[in-house]
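Novice: This is the structure, below, for whatever I ask next.
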Amino acid sequence: MLTPSLHLNTIILFIFSYNLSSIILYISRLERMAFSSSFSVMFVVVVWMMVGSSSYAQLSTNFYSKSCPKVLSTVESVVKSAVSKEKRMGASLVRLFFHDCFVNGCDGSILLDDTSSFTGEKTAAPNNNSVRGFNVVDDIKAKVEKACPGVVSCADILALAARDSVVILGGPGWDVKLGRRDSKTASFSAANSGVIPPPTATLSQLINRFQARGLSAKDMVALSGAHTIGKARCVLFRDRIYNETNIDTSFAKTRRSGCPRTSGSGDNNLAPLDVATPNSFDLKYFNNLLNKKGLLHSDQILFNGGSTDSLVKTYSSNTKKFYSDFVTAMIKMGDITPLTGSNGESMASSFGVLFVVVVWMMMGSSSYAQLSTNFYSKSCPKVLSTVKLVVETAVSKEQRLCASLLRLFFHDCFVNGCDGSVFLDDTSSFNGEQTAIPNNGSLRGFEVVDEIKAKVEKVCPGVVSCADILAIAARDSVVFLGGPDWDVKLGRRDSKTASFFDANSGVLPLGSANLSQLISLFQAQGLSTKDMVALSGAHTIGKCLVFRNRIYNETNIDTSFAKTRRSSCPRTSGSGDNNLAPLDLATPNSFDSKYFENLLNKKGLLHSDQELFNGGSTDSLVKTYSSNVKKFYSDFVAAMTKMGDIKPLTGSNGEIRKNCGKPN
């Protein structure tokens, strides 16, 4: 019998002869011979390396060395020309790169204009009338396309332009890692969610926002040093120069001359972020902070008696150290969730890509498989019955747990994908998501998941993820309360970390959200308006704190319904905040369409509930679901399946936790 290595040698011969039909026939034979999944994985990895497909490569500094060797010189030439005409453009390009990377990764999404299917990021609060340099990127793209059409992404062009801007203004150079692809969409909601630090940010907020992107406090201070170039608008520093005390008086007086105290007057007047050398990339920015001459509140907070004071002192007198740390931080920032492989768009496909995909599909490696409904059919065939038994036992004691498990799944998926991160307790290296505002004192059901995990581990240790357990438990909860059933796609792995900041960043809709906010937040997760309305049908119970304003102050509410809810929810804030009331007044313990009937009668408990039927674009859906249970169930199942597909960790990413509350 031939060994796996001999089979591999045979296929490699086919590869080098580009004999695709022979490859497929040979793989089919291997599949019938039932080779192990470990060989399948080894095979795919080795072939991937040997074929050398650029479409699936990681970022590398020589990514375009063969496909577009002139890209570096082309970008540099355009940037030099633009910066020579306007020095500020260098800072603008660096800032454009920063704002792109902090919103869903370095994917060029910030460059996209609005379309009929999405609202882009350009008009989000941190960007509107602020980010610039789009014309320069467009000019570069046009010239690069002439040199090598369809090869270089806009995301990579922006990364190169940012580096070249720093160098042209006297800063350090570095080899830029390339190979990013361009996003096919953009998210106004994500750009507006707080991921980009505002100029009013405190030190802890800055540290948290950068940590949420995998950047350390040192990275944050070093990157802030880019404020040694560029300008800021009066509206962003007005409060600092008129109201803050940790500011040099003569500096404040100078800045006030071009920035009137009255809001709306001179809002767009500009001032240099570095008062000493505004057009040179040097360490004067840090010298300014030592002298209380930071223009923005978020600048001066870096040297204000806090944990970053020592770094500011070091950089203020050690150019080599600043440059070194800045380069390291820029490279790390450029690594934030780039689109590679077949994700996104821009680069041409290749035989290598086709081959890897074909092999991947045919070999059926469980280590690299996509989510599937039979993922554990061989490795843990009892997982479904084990989960179901624990869920049924728990909810028979307290039916509210059904809603709790369903909500837990929703809150997990909306924060960096369905990865079980919501279960993780705080550690010395990160603050978890459980105490974030949308979750604190609200999420529950952890003990049920822990019990399921313990039982599943006894049946098949180290196989089933906490993320998958939650997905199954959410489905079983719906079924237990009389709702629809569906086959849950499985194969997720567990995150090794969690993000308090991301859970707090506005990605989770609040009970006070209006319709446009709800639509935007769901669209940011790849879910449609129909998905949003269908998923809202899962609402059952809410806290007084969340619906107090609605029952006392809103007018689109049934008066008798409001009166009933007021009996257990006092008007005074702090009194009875945690008192509960059913979101579905009619049948709170049944999964049916009564929730939608309540909305038709102005008996939505939360503001965000009644917004679905309030003269807006979702009114017709609410009417449909209120009278057509079959349609509601069908759309709900489709939406739950889509939600379960939000950025799962698969393959070698993440881990299978032994304890859902702790990384291994």
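The chain as shown is numbered from 1 upward.
Cβ coordinates come from backbone N, Cα and C, glycine included.
OK, TrEMBL features for this one:
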type: ACT_SITE; residues: H99; note: active site, proton acceptor
type: BINDING; residues: P197; note: substrate binding site
type: BINDING; residues: T228, D274, T277, D282; note: Ca(2+) 2 binding site
type: DISULFID; residues: C68-C148; note: disulfide bond
type: DISULFID; residues: C101-C106; note: disulfide bond
type: DISULFID; residues: C234-C259; note: disulfide bond
Novice: Please identify which of C68, C101, C234, C259 has the densest Cβ environment, defined as other Cβ atoms within 10 Å, among these disulfide-bonded residues.
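Specialist: The most densely surrounded of these disulfide-bonded residues is C101.
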Novice: Express the distance between the Cα positions of T228 (Ca(2+) 2 binding site) and P197 (substrate binding site) as a whole number of Å.
Specialist: 18
Novice: Give me the long-range Cβ neighbours of D282 (Ca(2+) 2 binding site): same chain, 6+ apart, Cβ under 8 Å, in sequence order.
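Specialist: Within the chain, D282 (Ca(2+) 2 binding site) has Cβ neighbours under 8 Å at G170, G171, T228, T319.
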Novice: Let's check the environment of C106 (disulfide bond): how many other CB atoms sit within 10 Å of its CB?
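Specialist: Cβ-Cβ neighbours of C106 (disulfide bond) within 10 Å number 28.
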Novice: Suppose the Ca(2+) 2 site is T228, D274, T277, D282. Which further residues of the same chain have a Cβ inside 8 angstroms of that site's Cβ centroid?
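Specialist: Counting only non-site residues, the set is I229, A276, P278, N279, S280, F281, L283, K284, Y285.
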Novice: Compute the C-alpha separation of C234 (disulfide bond) from D274 (Ca(2+) 2 binding site), stating it in Å without decimals.
Specialist: 14
Novice: Quick one: of C68, C106, C259, D274, T277, which recorded positions lie within 10 angstroms of the residue listed as 'active site, proton acceptor', measuring between C-alpha atoms? Sequence order, please.
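Specialist: So the list reads C106.
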Novice: Can you check which residue among the binding-site residues T228, T277 has the largest number of Cβ atoms within 10 Å of its own?
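Specialist: Its Cβ has the most other Cβ atoms within 10 Å: T228.
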Novice: Taking the Cα atoms as reference points, how far is P197 (substrate binding site) from C68 (disulfide bond) in Å?
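Specialist: Between the alpha carbons of P197 (substrate binding site) and C68 (disulfide bond) there are 35 Å.
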Novice: Given a separation of at least six residues and a C-beta threshold under 8 Å, show me what packs close to D274 (Ca(2+) 2 binding site) in the same chain.
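Specialist: Listed in sequence order, they are H227, T228, I229, K284, Y285, N288.
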Novice: Given the disulfide-bonded residues C68, C101, C106, C148, C259, which one's Cα is the least distant from that of T277 (Ca(2+) 2 binding site)?
Specialist: C259
Novice: Using a 10 Å radius around its CB, how many other CB atoms surround P197 (substrate binding site)?
Specialist: 20
Novice: Return only the integer: C-alpha distance in Å from C148 (disulfide bond) to C106 (disulfide bond).
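Specialist: Between the Cα atoms of C148 (disulfide bond) and C106 (disulfide bond), the distance comes to 22 Å.
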Novice: Could you measure between C259 (disulfide bond) and C101 (disulfide bond) for me? Cα positions, answer in whole angstrom.
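Specialist: Counting only the Cα atoms, the answer is 31 Å.
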Novice: If you count the C-beta atoms lying within 10 Å of each candidate's C-beta, which of the recorded positions H99, C148 ends up with the smallest number?
Specialist: C148
Novice: Where C101 (disulfide bond) and C68 (disulfide bond) are concerned, what is their Cα separation in Å, rounded?
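Specialist: That comes out at 24 Å between the alpha carbons.
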Novice: Do you know offhand how many angstrom separate C106 (disulfide bond) and C68 (disulfide bond) by C-alpha?
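Specialist: C68 (disulfide bond) has its Cα 20 Å from the Cα of C106 (disulfide bond).
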